[in-house]
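Inspection log for the structure reproduced underneath, given as C-alpha cells.
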Amino acid sequence: MDLHRAAFKMENSSYLPNPLASPALMVLASTAEASRDASIPCQQPRPFGVPVSVDKDVHIPFTNGSYTFASMYHRQGGVPGTFANRDFPPSLLHLHPQFAPPNLDCTPISMLNHSGVGAFRPFASTEDRESYQSAFTPAKRLKNCHDTESPHLRFSDADGKEYDFGTQLPSSSPGSLKVDDTGKKIFAVSGLISDRETSSSPEDRNDRCKKKAVALFDSQAPLCPICQVLLRPSELQEHMEQELEQLAQLPASKNSLLKDAMAPGTPKSLLLSASIKREGDSPTASPHSSATEDLHHSDRYQTFLRVRANRQTRLNARIGKMKRRKQDEGQREGSCMAEDDAVDIEHADSNRFEEYEWCGQKRIRATTLLEGGFRGSGFVMCSGKENPDSDADLDVDGDDTLEYGKPQYTEADVIPCTGEEPGEAKEREALRGAVLNGGPPSTRITPEFSKWASDEMPSTSNGEGSKQEAMQKTCKNSDIEKITEESAVTTFEALKARVRELERQLSRGDRYKCLICMDSYSMPLTSIQCWHVHCEECWLRTLGAKKLCPQCNTITAPGDLRRIYL
C-alpha cells in the first residue's frame, strides 16, 4: 500500500517528493492483474488520466491516508496493458466520487474543497497549520487567501491532451459555476467524473453546486464578524459569551457618563468636551477600548468634583471665621454701623476725588487719584484719627505720697563728699547751703558711728590729727581691738570670739550683704525708682557724690529712699 501511495506527489514529509515513473505503475498493474479473480465479469473500461505535473503544492483529494491507489483501478480491466479482467476486494472500495462507478451512490464533493473524507483532516504544510489561530489573537490572513495561492493542475486524457485548471473562484459567484461545468467536462473526458454527473440536467448541477458551496464554508474555520478573529469550534461558545459581556457593559458605561455629565453644577465646557468626545469616537474602535476610555474619563471627572468640593469647603470655612470675628467686634463696641456704611457707600463716589478752584477753574487734586493718597505714593503720613480727650490729671512733680508714704530722707541727710582741692570743697559747701536754704545739716550719721574707715575720708586738719584718727580702730562690734600683740593667748581668744560672732550672724539670718560695703546690712534702705537695697550710710554717701544708684545708675533723689526691714 505504501508503494501505491507513493505514486503521487504529496505535501506531507512522510511521502516521497517525486512521482514514480510509468514502469513502476506497470509493475503494480501486473501484480494486481495476477491477483484478480477470474470469476468476476469484466466491465467496460473507463479512461483515466494521470496528473503529469503540479505547479504548486496543493491539497489533492487522494493524498488522504484513507484512499488507496488500488481503489483507483477498480474494474479497469479493459484498458490495454493495464488491469484486465480483475477486480479488487470490497474492503478496498473506498472511492472518491470522481472515480466511483455509476452504481455507487456517493455524495459528490467539489474539487474546490481541499478536504479528505476521513474523520480528521490532515494539515498539508506548516503554512496551512499556522492559518488556524486562536480566537484571542488577531487574524493574519483575513482575505485574498485564494488569489495568490490558487493551484494549477494539468491533467492529460487517453489521447495525450493536457488540460490546465487555473484560478479558483468563489462558489457563490456565477463565474464559479462556469468553471465547475468546464472542469466537469474535462474530468469527464479524462475519466475522473462519472456519467451520472455529466449526463445530469442543469437543475441538478445547480443543486450540487449549492451543496458544494455549503460544504466549502462549513469545512473552513469560522470567523468572528465583530473582531475578525479566526475561531476554533471549541472556542465559539466562550467567544460568544465574551462578546455579549462587552455588549452589556457598553450601554452601562454610556449611561453612567451621561448621568455624571447632566449632574447639577457641571460646567458647560465639560459637557461640550464630553459630547465632542462621543461624536469623535471612531466606529472601528473596539468596544472594550472605548469602555476603558469612558471609565478613565469618569474617574478623572469624579476626582475633579471631589477637589472642587474640598476647595469650596475650605474657602467657606475661612469666610465664616472672618464673619464671626467681625460680629464679635461689633458686639464689643455695642453699636451698629449698618446705616452709616450705607450712607458712606452712596456718597463715596461724590467725595472720592478732591476738587479745588484755582484761577477760576475747578481742578482735581492729583494725590486723590492715587489709591491711598500720599500713603499710596510712598510718603509717610501721620494718622488722621484724633484721640479722645482725657480728663485724667497729669502728675508732673512725681508726688508718690499716696502710694509710698511721706519722704523719709531729705537733702540735709546726704553725706557730702570732700574734695582734694580747697576750691572744689568750697563750691560744694556753697551749693549744699543753697539747697538747704540755710538749714542745719542732719545728724543721722556721725563719724563715731560710721562704718566707713576714717582714713578713707579726706580731712582738712593737720597731719598729726590725721595720724591720731588713723590709729583708731574702725570695727566697733569686734573685740579684736582689746587684744594685745604681746600675748598669744589673747590672740587665740580673740579668734574664738570672732567665730562665735559669725555663728550668731548665721543663726539670726544675716546671710545677705550690702554690695557697696560688702558687710551685713545695717539699717537697709531701698529706692522706689529701681528697688535696689543698700545700707543707709552707703546710700547717703553715694547720693552725696552723684544722684545715681550705685548699682544701676538710675537717677535717684534722697526723697526716693525708704526704710525696709529684712
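Using N, Cα and C of the backbone, Cβ positions are placed for all residues, glycine too.
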Would you please say which range out of 514-522, 523-531 has the annotation region 'Required for targeting to the cytoplasm' in Swiss-Prot?
514-522
Please identify the range among 166-194, 369-397, 427-455, 485-513 that Swiss-Prot labels coiled coil.
485-513
Which number gives the other C-beta atoms within 10 angstroms of the C-beta of Ser390 (phosphoserine), all protein chains shown included?
7
Should Ser390 (phosphoserine) be counted as helix, strand, or coil on the basis of DSSP?
coil
